[in-house]
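Novice: Sharing a structure here in structure tokens format.
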Amino acid sequence: MNYLFKDGRYMNEEGKIVATDLLVQDGKIAKVAENITADNAEVIDVNGKLIAPGLVDVHVHLREPGGEHKETIETGTLAAAKGGFTTICAMPNTRPVPDCREHMEDLQNRIKEKAHVNVLPYGAITVRQAGSEMTDFETLKELGAFAFTDDGVGVQDASMMLAAMKRAAKLNMAVVAHCEENTLINKGCVHEGKFSEKHGLNGIPSVCESVHIARDILLAEAADCHYHVCHVSTKGSVRVIRDAKRAGIKVTAEVTPHHLVLCEDDIPSADPNFKMNPPLRGKEDHAALIEGLLDGTIDMIATDHAPHTAEEKAQGIERAPFGITGFETAFPLLYTNLVKKGIITLEQLIQFLTEKPADTFGLEAGRLKEGRTADITIIDLEQEEEIDPTTFLSKGKNTPFAGWKCQGWPVMTIVGGKIAWQKESALV
């Protein structure tokens, strides 16, 4: 099916939002211009809505295989499509871990069979993510590994991390890291700060993250490796990454929507839906994340979509697993709380969710260019809705944002020229 989207707006190559039509033919973007006509295409009047590149998320947890009670490739990718994401990168903390040919082939077959959006799987750095034996990077790359990470745990052994970075560098691949120094975690369930003190909870100190990042940055410099830092959350981490970039070290970084919108002061009670790792930090950390995003220290936004069951989250803040679901709330949360408040521009938000992650990892995604695969998201910037977890397509309903009123909701998502999801009656 060919589609002609009429009367839309998009961000052009100069970074300006302008009026446009867009023609999709044979799964590709055939033309982006005003006043397009086509005889062999279904016309969809978007009535002034935003035509954006399909969103790109380099940090997601789909749980399959092994955690299908939390999420599946099918439910997770449907949720991604509803959130406007057309390319997502799946972390390897599944069971089994994609750490060898057999496991990666099985995962890729599942993706091919079930996924509603483009899914790029990470390969594990170490066997079973146990930190003691390196995986076969060459084989995992051959089978389509996006990059290498043990996300969910930090690689504690410096010699292992250095060896991994050297091998990844030879393959022109990135090492991606969840950064925690295990000796400083302190069995914490929240940030070590005012909230932990008030509620008598063990806290995770900020330095637990930043000291690990500092170590890895020096290792990346020694290995001449592209090193990407997951979900930055502290002022110290931002400072270390900024200094590394100024020194010419190949480091990039991401931040989550929840760390841009919330800090520990926003946690109303010991609610496990506010429990994520890294935890919500202090006000100064929150301000540093915004500053880092604006000055280029932090390169992109990634959701860290981490679904869990209601039963798991009901165990209380100390025992419940870390993580919140993120696909279906990301854009409206960021648009409402950053763009509408004048903190960043709409153009910047689009870049942080599309071309920045795509360019960082060399993906042919993130831009509406003629000849490229038609991965497109239509967004109604005027539509206001209340976040209602019962409507999520994800199995995970675990969100701290229930009841928040937000503007800027995706209404249609196109993947490879085909409609992957659309809001009923939104485009008529």
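Glycine is no exception: its Cβ is also placed from the backbone N, Cα and C atoms.
What you are looking at is a predicted structure, and each value in this text was computed from that prediction instead of being measured.
Below are the features listed in Swiss-Prot for this protein:
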- HIS59, HIS61, ASP151, ASP304: Zn(2+) 1 binding site (BINDING)
- HIS61, LEU62, ARG63, ASN93, ASN277, HIS308, PHE322, GLY323: substrate binding site (BINDING)
- ASP151, HIS178, HIS231: Zn(2+) 2 binding site (BINDING)
- ASP304: active site (ACT_SITE)
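What does the local environment look like for each feature on the list?
Specialist: In sequence order, CYS89, MET91, ASP151, CYS230, HIS231, GLU254, THR256, ALA302, THR303, ASP304, HIS305 are the residues of the chain that are 6 or more apart from HIS59 (Zn(2+) 1 binding site) and have a CB within less than 8 Å of its CB.
In sequence order, GLU71, THR72, ILE73, GLY76, THR77, ILE88, ALA90, THR94, VAL119 are the residues of the chain that are 6 or more apart from LEU62 (substrate binding site) and have a CB within less than 8 Å of its CB.
In the three-state DSSP assignment, the secondary structure recorded for HIS231 (Zn(2+) 2 binding site) is coil.
Under DSSP, ASP304 (Zn(2+) 1 binding site) is assigned to coil, being neither helix nor strand in the three-state scheme.
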Novice: How many Å separate the Cα atoms of HIS61 (Zn(2+) 1 binding site) and GLY323 (substrate binding site)?
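Specialist: GLY323 (substrate binding site) has its Cα 10 Å from the Cα of HIS61 (Zn(2+) 1 binding site).
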Novice: At the Cα level, what's the spacing in Å between PHE322 (substrate binding site) and HIS178 (Zn(2+) 2 binding site), rounded?
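Specialist: Cα to Cα, PHE322 (substrate binding site) and HIS178 (Zn(2+) 2 binding site) are separated by 13 Å.
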Novice: Where ARG63 (substrate binding site) and HIS178 (Zn(2+) 2 binding site) are concerned, what is their Cα separation in Å, rounded?
Specialist: 17
Novice: Determine the Cβ neighbour count for ARG63 (substrate binding site): the number of other Cβ atoms within 10 Å of its Cβ.
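Specialist: Neighbour count, Cβ to Cβ under the 10 Å cut-off: 26.
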Novice: Work out how many Å separate ASN93 (substrate binding site) and HIS178 (Zn(2+) 2 binding site) at their Cα atoms, rounded off.
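Specialist: Rounded to the nearest whole number, the Cα-Cα distance is 12 Å.
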Novice: Looking only at ASP151, ASP304, which of these binding-site residues has the biggest number of Cβ atoms within 10 Å around its Cβ?
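Specialist: Result for the most crowded candidate: ASP304.
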Novice: Can you tell me how many other Cβ atoms are located within 10 Å of the Cβ belonging to ASN277 (substrate binding site)?
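Specialist: Neighbour count, Cβ to Cβ under the 10 Å cut-off: 20.
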